[in-house]
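Have a look at the structure below, then the notes.
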Amino acid sequence: MTMITDSLAVVLQRRDWENPGVTQLNRLAAHPPFASWRNSEEARTDRPSQQLRSLNGEWRFAWFPAPEAVPESWLECDLPEADTVVVPSNWQMHGYDAPIYTNVTYPITVNPPFVPTENPTGCYSLTFNVDESWLQEGQTRIIFDGVNSAFHLWCNGRWVGYGQDSRLPSEFDLSAFLRAGENRLAVMVLRWSDGSYLEDQDMWRMSGIFRDVSLLHKPTTQISDFHVATRFNDDFSRAVLEAEVQMCGELRDYLRVTVSLWQGETQVASGTAPFGGEIIDERGGYADRVTLRLNVENPKLWSAEIPNLYRAVVELHTADGTLIEAEACDVGFREVRIENGLLLLNGKPLLIRGVNRHEHHPLHGQVMDEQTMVQDILLMKQNNFNAVRCSHYPNHPLWYTLCDRYGLYVVDEANIETHGMVPMNRLTDDPRWLPAMSERVTRMVQRDRNHPSVIIWSLGNESGHGANHDALYRWIKSVDPSRPVQYEGGGADTTATDIICPMYARVDEDQPFPAVPKWSIKKWLSLPGETRPLILCEYAHAMGNSLGGFAKYWQAFRQYPRLQGGFVWDWVDQSLIKYDENGNPWSAYGGDFGDTPNDRQFCMNGLVFADRTPHPALTEAKHQQQFFQFRLSGQTIEVTSEYLFRHSDNELLHWMVALDGKPLASGEVPLDVAPQGKQLIELPELPQPESAGQLWLTVRVVQPNATAWSEAGHISAWQQWRLAENLSVTLPAASHAIPHLTTSEMDFCIELGNKRWQFNRQSGFLSQMWIGDKKQLLTPLRDQFTRAPLDNDIGVSEATRIDPNAWVERWKAAGHYQAEAALLQCTADTLADAVLITTAHAWQHQGKTLFISRKTYRIDGSGQMAITVDVEVASDTPHPARIGLNCQLAQVAERVNWLGLGPQENYPDRLTAACFDRWDLPLSDMYTPYVFPSENGLRCGTRELNYGPHQWRGDFQFNISRYSQQQLMETSHRHLLHAEEGTWLNIDGFHMGIGGDDSWSPSVSAEFQLSAGRYHYQLVWCQK
C-alpha cells in the first residue's frame, strides 16, 4: 500500500492528476463484480448479498473552481456552503459549471499531461455506519463504479487512495480506516486530469461520481478473482467449463474450491479441488490458483437469438465443507472464432446487426439506471438489432448482465480516444502513456471476460495506431485467446485488429485519404493478402433526418459473406433537458450551456430521440435487418430464415392483397422454418379486381406470443410487392357546367358553381381559391426547389467555417434559396369544356437563370384542376433539393389521409420500410420533431392526398405541417418553432435523397440526386 501524508496540501503538491505514470494509488486489482455471498443458494439464485451495501443516495457536495481552493478543513467536516446532491449523478446536471459538448476538439488547452489550473473540483462527503461484525473480521472495500475524471479518497480524515479512468471501477480497502460508530468519506473529484487526454470521445464532457458506490465485505481469506471459459468438441455436443479461481489471504492446506454449474434448480456438474495451479515453468505453478474443468453433455448453447444461461457458483470452503464465501456468475456456452475469413459463433457465420450506444439520459446525463438499460435493449431487440458496441468505453457493469440475459452481442471497448491529438497517435505511440493505456485495457478484460455477450474486445476508438496498441493487442490475445480483438485506428486493417473494422467506408466508393485510405467495403475484401472479415465499427450516420442509402449496405452484406455487417452510428440523441423561464423543458445541444468550444448539434446522431422515442429511420433499420427474407414467384412466397440457431416457433405469416388500400383477400400461415432454412407458401388464387388501381400483396411476420423482449402481436418482418396496376379509361361525366373565365388587368378569374380560382397576371401564380366565400390559400402556389437543410446537407459547415462542398453551401452560392421568379408567360384560353391557364417562369439569381418552369392548369366542368409541370434545370447549377410546388393552405384540419407509402416519414433513398396503403394520421404526426429543425415528414409514392376539403391525385411526394420551410431553416431548436397560420403543403414531383453514409461530406448516392436537365410531373387538385 502506498502511504502518503493525509493532508490535502501534500496531495495537491503531488499533482497525481498530471502524471501519466500515476493512474492509481492503493487501488485494488481488477476482477469480475463480487457479492461475497455467505450462502451458496443465494449465490445460485443471485439474491441480494448481505455483504454488499449501496452508498447511493444523498451526499454533501461543495464545488470549487480549482483543487487549490478546497479548504483543508473539508477533510474533517462538511463546509457551510455544502449542498446536497444525489449520487450517482453528474454535477453539471445540478447546475455546477457547465457540460461541454465537443466531438474532436479537446475542451481544454492541449498540453499533455498538464491540465488547466482552473480545474473544477467537486468535494463529496458522506457519513455512514458499518456493521460491528465488519469491523471485527474480514476486509471492507469501497467500490466506485465510475468517477469522472480523477479523484482522491479520504476516510475519517485519513487519505486512502487515488483513481482515474472514469469508466472502470476504482476499489479500495477501507478496513484500516473504519471505526465503530459514524464514519465519514471525503471524495475530491477533479474535472480534468491527464486521463482526460485519453477520453476525447464524441460526447458531453461531464464530471462527478456518476456510477454506483458500494461497500463490500469480504472474509480475510477470500476469492480474489475467477474466470470462466467454455470449450467444445467439433459438433458442440460436449463442452468443458473451465474455471480458474484465485484466492488471497492465508493459504492453508485445508482450503478447497468447489465450482458447481446450475441450470435453474438442476445441478449440471460440480468439481472440488485444493489450491495449487498447473506447472507453468521450471519454478512450478501458482500456489494461490486452481483450475477446475467440468464436463457438460449436450450443452444448451448461448446466442443472441437463444440466450441460454447457466449459473456457475464458486465456493471457497474448508475441507470439512464449511463455507467461507461464494461468488457466482452467469455462464453462456458459446464459442467465438475467426475461420476462413468469417467471424463464427458456435460454428455459424454472424451477420452483425449492430448499433453504437453512448450511455446517455436527457435528465441524468451519463447516469444509467436499470430501467433505461432494459428499455434500450428491448427497443434494440424489437428493431432487429443483435449487437451493440460500447462506444467508446466500458459500460455500467449491469449492462453486460442484461445483454447476457436478453441476448445481444457486445463489442467491449477500452476507454481510450485521442481524436484531438495531432497526429492522433501522439500518445498511443508514446511509451510514457503505455501504463495508462494498459490499465484501461487490462482492467476492462479482467472485469468483463466472464460475460458470454462480450464476443469482441476493442482497444479503443480514434487514437491512431501506435506501438502501445500492438502491445495491448498481444496481451489480450495471450490472456484471452477465445475472443477476437478489433481496432479501427490507423486505417482499420492494421496488425492490431483481427477484423477489418472501418468507419464510414462506403459500399462502392473509395475515399483515398492520405496514409489511411477508406476503400469501398467490397474492394477492401479483395486487397492482396487480405483474408479477414469486415465489420464496420461505425456506418450509416443517423444524424437528424438521415439513414438514406442504408439498403445499399444490406444488399452488400447479404451478397458478400465476409462483409459481416456493422454498427450504426448511433443509438440515442445526446440532447439534454433545460428549462425556460416558465419551467418548460426543452432539448439542448452543444453551446446551449455557454460551453466553448462546442460542436453544436453534432451530438444528436441517434436512431431514437433522447427520451427513446424512435426516429423514422429506426423503422428502415428494422426492415433491412429483419431475420426473414421473402421472394415472390407467381403464387409462391419463399420465406428464408436468417436466424442461425432459432427455429421459427413463434411466428405467423399474415398475407393480404389490397387494391389501393382496400383489402380483397387475406390469410395466415404458421411459419415452420429451420435455422437458415426456407419455407414455401402457396397462396390461393388471388382475386382479379374489376376497378382501377394498384394491386399490392403485403406479408407480415407476427409473433402471436409475448417474448422476453416483445409483446404478443409484435411484427418482426414485412415485405410488399405490387402485383399489377389495373388501368381503366373513365370518361368524364357529362357536365353542362362550363367554367367561366373573367379577365382583368391584374387577374384571370375562373368560376364554377361555388368555386373560384384566381391567377395573378403579374406574377403568373395561382394566387387564391374560394369555396363559397372562404379563401383557401394564404400564399400563392409557387415552384419550390429548396428544402430546409438537413444535417447531412450542412455537413461541417458553420458560420465561422464554411465548407463550400456542403450541399447547403452550394445551393446558397448558386442562389437557390434567393432565386426569384421572372414571368415569361401567363395566358388563358377557354376550351369547349375547360379553361386552360399557361404560365412560364425563369427562376433567377443575380441575373442568372437557374430553372425554367412551365405549367398548365386545366380547370374543367367537374371542378378539377389538372396541373402539368415541366422544369428545365441549368446545366451549371447544383443539383436541386427538390422539384415541386408549395403553398400555405388556409385550413387547419385534424387529420391527413393519403394513398401512398407510409405510415412513417420516408424519402427516395430511405423508403424500403414504408408500405403502400391508405393511411390516416393526425396532422401533428406528419411532422418529425428533430431537435435541430430541418426538412422532415415527406411521404413518397403518393397517388392521392386528402386534407380538409381538398384532394390531390397523381404520382408525387408531399409533406404537410404547420411549419414553413423558411421557419425550419431559420430556427435553431424545435421548441422555438411556432405553429403558423394555416397549413404548409409541399408537393414534389421529385425529391433528392437525404444521404447518410456520413454527415460531413455529400453522401447522397448519384442515383438519388436530381441530375437530369428536364423534369415532368402532373397532378390533379380538386375539392371533395
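Including glycine, each Cβ sits where the backbone N, Cα and C put it.
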Mg(2+) 1 binding, same site as GLU417, HIS419 - Swiss-Prot member from GLU439, GLU462: GLU462
Per Swiss-Prot, member of ASP202, ASP212, ASP988, ASP997 binding Na(+) alongside PHE602, ASN605: ASP202
Of the candidates TRP984, TRP1000, the one that Swiss-Prot places in the substrate site of ASN103, ASP202, GLU462, GLU538, TYR539, ALA540, HIS541, ASN605: TRP1000
Top Cα neighbour of HIS419 (Mg(2+) 1 binding site) in the set of recorded positions ASP202, HIS392, GLU462, TYR539, HIS541: GLU462
Spatial separation of GLU462 (active site, proton donor) from TYR539 (substrate binding site) - C-alpha basis, Å: 14
Spatial neighbours, same chain, of HIS392 (site 'Transition state stabilizer') - Cβ under 8 Å, 6+ residues apart: GLN201, ASP202, GLU413, ASN415, ILE416, GLU417, GLY460, ASN461, GLU462
Between HIS358 (site 'Transition state stabilizer') and GLU538 (active site, nucleophile), the C-alpha gap once rounded to whole angstrom: 13
Proximal residue to GLU538 (active site, nucleophile) among binding-site residues ASN103, PHE602, ASN605, TRP1000 (C-alpha distance): ASN605
Those binding-site residues, out of HIS541, ASN598, TRP1000, that come within 10 angstroms of ASN605 (Na(+) binding site) at the Cα: HIS541
Packing count at ASN605 (Na(+) binding site) (other Cβ atoms within 10 Å of its Cβ): 25
Cβ-centroid neighbourhood (8 Å) of the Mg(2+) 1 site, GLU417, HIS419, GLU462 excluded: VAL104, ASP200, GLN201, ASP202, HIS392, THR418, GLY420, MET424, GLY460, ASN461, SER463, GLY489
Na(+) site shell beyond ASP202, PHE602, ASN605, criterion: Cβ within 8 Å of Cβ centroid: ASN103, MET543, TRP569, ASP570, GLN574, ASP599, CYS603, MET604
From ASN103, HIS541, TRP1000, the binding-site residues whose CA lies within 10 Å of that of ASN598 (Mg(2+) 2 binding site): ASN103
